[in-house]
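Some notes on the structure that comes next.
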Amino acid sequence: MEGSGEHGETSKGPLSKGVSRGLCILDLIFRVIAVIGTLASAIAMGTTNQTMPFFTQFVQFKERYSDLPTLTFFVVANSIASAYLIISLPLSIVHIIRSRAKYSRLILIFFDVAMLALVTAAASAGAAIVYLAHNGNVSANWFAICQQFDSFCERISGSLIGSFAAMVVLILLILLSAVALARR
């Protein structure tokens, strides 16, 4: 009965290695998905602008993401998170090859949490501005601009989707890394 694996003991056999390798592959897949989400959000927001003529072609109103510092923060934060995630991809591949690496996984968890905080702050700030763009604020006499700049608003609203998706994937990455460390 000693080798039966009862009473909370875990097996270090081939099945355990297969599960660890599976967790590492899932980590790599999640990182690629998070790169796509953050990079797409940064590009979509960073290339957003719309020009609207006012009475004549000589007088025009132009709306750009860079007109609002919050949206600039959104682009920078998602770019930083995307760069980090791209840099972390080789380390994630190393974990597939050497699934016993403990310290590098701890470093990844630390930076994953920092990137989660950064992306959460950026997505939340961006969502507040998008809400104001769609609805305005009557008490502050801020008018909704989305009725005039519809293309601009569609793009900034769409860029939030990738950022919030990346947030969810980063949470899953942190949980996955915690499970992988707990299995050691």
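Each residue, glycine too, has its Cβ placed from N, Cα and C.
Checked against Swiss-Prot, the domain name for GLN148 differs from that for ALA182, so they face opposite sides of the membrane.
Cβ neighbour count for ASN137 (N-linked glycosylation site): 11 (other Cβ atoms within 10 Å of its Cβ, all protein chains included). Sequence-distant contacts of the transmembrane segment (160-180) (same chain, six or more residues past either end, CB-CB distance under 8 Å): 20, 23-24, 26-27, 30-31, 33-34, 36-38, 40-41, 44, 74, 78, 81, 95, 99, 105, 108-109, 112-113, 115-116, 119-120, 122-123, 126-127, 130. Listed as Cβ neighbours of the topological domain 'Cytoplasmic' (94-105) (distance under 8 Å, sequence separation of 6 or more from its ends, same chain) are residues 17, 20-21, 23-25, 27-28, 177, 180-181, 184.
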